Amino acid sequence: MAKKPTALIILDGFANRESEHGNAVKLANKPNFDRYYNKYPTTQIEASGLDVGLPEGQMGNSEVGHMNIGAGRIVYQSLTRINKSIEDGDFFENDVLNNAIAHVNSHDSALHIFGLLSDGGVHSHYKHLFALLELAKKQGVEKVYVHAFLDGRDVDQKSALKYIEETEAKFNELGIGQFASVSGRYYAMDRDKRWEREEKAYNAIRNFDAPTYATAKEGVEASYNEGLTDEFVVPFIVENQNDGVNDGDAVIFYNFRPDRAAQLSEIFANRAFEGFKVEQVKDLFYATFTKYNDNIDAAIVFEKVDLNNTIGEIAQNNNLTQLRIAETEKYPHVTYFMSGGRNEEFKGERRRLIDSPKVATYDLKPEMSAYEVKDALLEELNKGDLDLIILNFANPDMVGHSGMLEPTIKAIEAVDECLGEVVDKILDMDGYAIITADHGNSDQVLTDDDQPMTTHTTNPVPVIVTKEGVTLRETGRLGDLAPTLLDLLNVEQPEDMTGESLIKH
């Protein structure tokens, strides 16, 4: 007899917002979502700031969202931990950071600092760069080179000059530091093995073959004149006495989110790297703020805090079968992040990875691989052996990042079509679905003056529980979703999962 599956369906980047202006969620024709919304119990929950372990007012993101959802509690994020360590002064006593600097001082070499130069707070925060500069000054490092990756995605599309000017003011205040290279994150922070992009960033960082400008500002302004926004600035070298990352140097990469920092790190710190031909840097001390992946030989500045009793582990302990399914862009989120930073499958877990389309930007194919994800899930459901399903539709977030309204509306409409087939199938099997999101984005893709808005929002996300006859609490947070799943599965909630079921009892 087929099992009755319980599914968590995450519409990535899909939040509630009253105004229709630039709101693809409101403007899209989504008959299936609306049908479930009108028929079943609903509420909305918080997905940003203190509710997900981020600083107050900080927008949520997919990594943080999935981590909180899977843990069933507030998970204090790297950004919050690092900020606190700087405030407490522990940062300046950190062994790994001090070892990197000791390496430079003993080799009379250079300290290179890599990172995303913005206050987006999703992958990095430029105030962490300032703390590194202060530490280097305190320890008497003379040669400090900053390799800046421009954002334009988690912050305004053309905001780089503000961060560059503030950083140069910090260089002047401390009397150390200079920009050595600048790359748009499209090149330096790819995560889909598009090595031809990373190679351009690598060449600029190694001072090999890249356009050269007198200042960082001049290079960015030239890029703007060519119609490029920060994210897409072609990597360039800033003229100075720096000759790139060399033997005996040290690198500190201050991005704390792993997924878009791993590839560049593999080029420098994975001896088995084969993406393209590289000249290995000898005796390089390579440090990363967090652990990016197992292939990278790096010293870790902030070790991971282990999370036990995530939704996957509880399912395993109760002999339940589970499926994690998403396309490439969100696959790490339904697996690694949902499992609290664990890569290995749990007993009874299987996974389906559907390739994301190979297009330059997803506004060119707003449906992405939603239909293929849906087909794969229906195939899995037909096996009749699943207790728990965790599914992510990437489109509202990934297309929302384009800041283009029409493609984002199309993205949501494609997802809605798939949602209808999936949920109806689950209901036919006497199962339940929780339809929700991890953070906002597609709810505002235009600013009030109709400029593209490519960032996430701090708006609350909807929750639909397809179980008639129950009442949901009026408020909650992402950490309440796993307890709600356990409630539907009739599984006892462990003590360290401190969220509360959204179903009133």
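Each residue, glycine too, has its Cβ placed from N, Cα and C.
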Record-annotated Mn(2+) 2 site (Swiss-Prot): member among Ser62, Ser78, Ser501 besides Asp12, Asp438, His439: Ser62
Distance [Cα-Cα, Å, rounded] between His401 (Mn(2+) 1 binding site) and Pro258 (substrate binding site): 19
Neighbours of Ser62 (Mn(2+) 2 binding site) among the binding-site residues Arg191, Pro258, Asp397 (Cα to Cα, within 10 Å): Asp397
The one of Asp12, Asp397 whose CB sees the fewest other CB atoms within 10 Å, among these binding-site residues: Asp12
Other CB atoms within 10 A, centred on Ser62 (Mn(2+) 2 binding site): 28
Nearest of the binding-site residues (His123, Asp154, Pro258, Asp397) to Asp12 (Mn(2+) 2 binding site), judged by Cα-Cα distance: Asp397
Nearest of the binding-site residues (His123, Asp154, Pro258, Arg260, Asp438) to His456 (Mn(2+) 1 binding site) - Cα to Cα: Asp154
Pairwise CA distance, His123 (substrate binding site) versus Asp397 (Mn(2+) 1 binding site), rounded so that it is a whole Å: 16
